[in-house]
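Trainee: Below is a structure I'd like to ask you about.
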Amino acid sequence: MELELQTAAEDGHVTPSVIIPPLPFWIKVVTLTSCTLSILGSALIIVTFLAWKDIRTTSRRLLVILSLTDFWTAVALFYGVYTDFMDSTVDCIVQSIVSTFMGTSSFFWTVSIAIYLYVTIVQTDTQLAGSLTKYFHIVSWGVPLVVVACAAGLQKLGYDRSEVSVGWCWVKLTTPDNLLWMLLTGKLWEILAYFILPALYIAMKRHIYAQGRTQDCYRFQRCAVAAMVKVDRKLTFIPLVFVLLRVWSTIRFILTLSGSSAINNPVLLVLHGIGNTFQGGANCILFCLCTEKIRNKLLPRMPSCSSCCSCQGAACCSFLSLKLLGPKYVLQIETNGSVNREDEPLLTENHSSY
């Protein structure tokens, strides 16, 4: 069965106008697999946080909250794709409410974590960073709650015929001003995050390199360079992965507004399906599998730092850290030392939890 559905944006309203084919089965399978991996990845981040006390830093606690939003987003989208709705039934609307609320909250928490790291690392104001967490909760839960409550109350959420999604329910295309509600329930915050996240992480990268140049690291130069590369790589991948996952959804949204038939391109559909559902899996890769401390706990038989570091003797397990000296954090090389868990902001390697 084919649906008559192409859209064009006129006067803030997306209106139907062409034939949209049903979602191919293989795209459903890929999207459901991506949802499953995201659910498992988010669960792993949460379980490791609960299991090991030595990784319970503030930054990782924020990551766990983000993982909760990604977990429930993936669960809701899995249900939507699996059920294959054909109308705005009660469970379609409930799925849309859950996925929209959790997905929008995920954008806010992603930006909140970036702000927390920026204040801690660049502004070196740990008291301010700590005090911001309560505001993160207010904004990251409050704004999505108000938006979704209004959208649900005004009956804007429901069956969208998969033109602006990949099988799940979101904003009804049959209601007036649906373009406004698509922006408020996701796209506006998504697009803002494209600019905010790279700006904050680039500022952190620049600060870390500037701090590194001021340190007397000549004795451990090789380890210092290797450690800085690891930190730089993670600071690069965090915003890059977010953009690469989410950009396909934005592209398809723009194509929808222009009335282009390219929204039905199978490659674009599958990239959209993976991008909107795999954030939890991507975070697991970045902050569990690619973080040495967590990886060594999960896979204790893997080679440790001592067997793969190119430095010699006691300097073998040196690492790049941000340590509190007096009133400020500074970047420095540590040799077989320990960092007070309360004084460690983030992104160190051997002693990092994030």
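Cβ from N, Cα, C; glycine included.
Since we're looking at a predicted model, the values are computed, not measured.
The following feature annotations were taken from TrEMBL:
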DOMAIN    27-291  domain 'G-protein coupled receptors family 2 profile 2'
DOMAIN    41-204  domain 'G-protein coupled receptors family 1 profile'
TRANSMEM  25-50  transmembrane segment
TRANSMEM  62-81  transmembrane segment
TRANSMEM  93-118  transmembrane segment
TRANSMEM  138-159  transmembrane segment
TRANSMEM  179-203  transmembrane segment
TRANSMEM  235-255  transmembrane segment
TRANSMEM  267-291  transmembrane segment
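Could you tell me the structural context for the features on the list?
Mentor: A mean pLDDT of 89 is what the model gives for the domain 'G-protein coupled receptors family 2 profile 2' (27-291).
Tertiary neighbourhood of the transmembrane segment (62-81): same-chain residues 28, 31-32, 35-36, 38-39, 41-43, 45-46, 49, 91-92, 95-96, 98-99, 102-103, 105-106, 109-110, 112-113, 116, 133, 136, 140, 165-169, 273, 276-277, 279-280, 283, 287, 354, selected by CB-CB distance under 8 Å and a gap of 6+ residues from either end.
Same-chain residues lying 6+ beyond the ends of the transmembrane segment (179-203) with a Cβ under 8 Å from its Cβ atoms: 9, 12-14, 100, 103-104, 107-108, 110-111, 114-115, 117-118, 122, 147-148, 151, 156-157, 164, 170-171, 235-236, 238-239, 242-243, 246-247, 249-250, 253, 257.
If you look at the transmembrane segment (235-255), the same-chain residues 6 or more away from its ends with a CB under 8 A from one of its CBs are 110, 114, 164, 182, 187, 190-191, 193-194, 197-198, 200-201, 204-205, 208, 262-263, 268-269, 271-272, 274-276, 278-279, 282, 286, 347.
Residues 23-24, 27, 30-31, 34-35, 37-42, 44-45, 48, 60, 63, 66-67, 70-71, 73-74, 77-78, 81, 103, 106, 165-167, 234, 237-238, 241-242, 244-249, 251-252, 255, 298, 349, 352-354 of the same chain lie 6+ residues outside the transmembrane segment (267-291) yet bring a C-beta within less than 8 angstroms of a C-beta in it.
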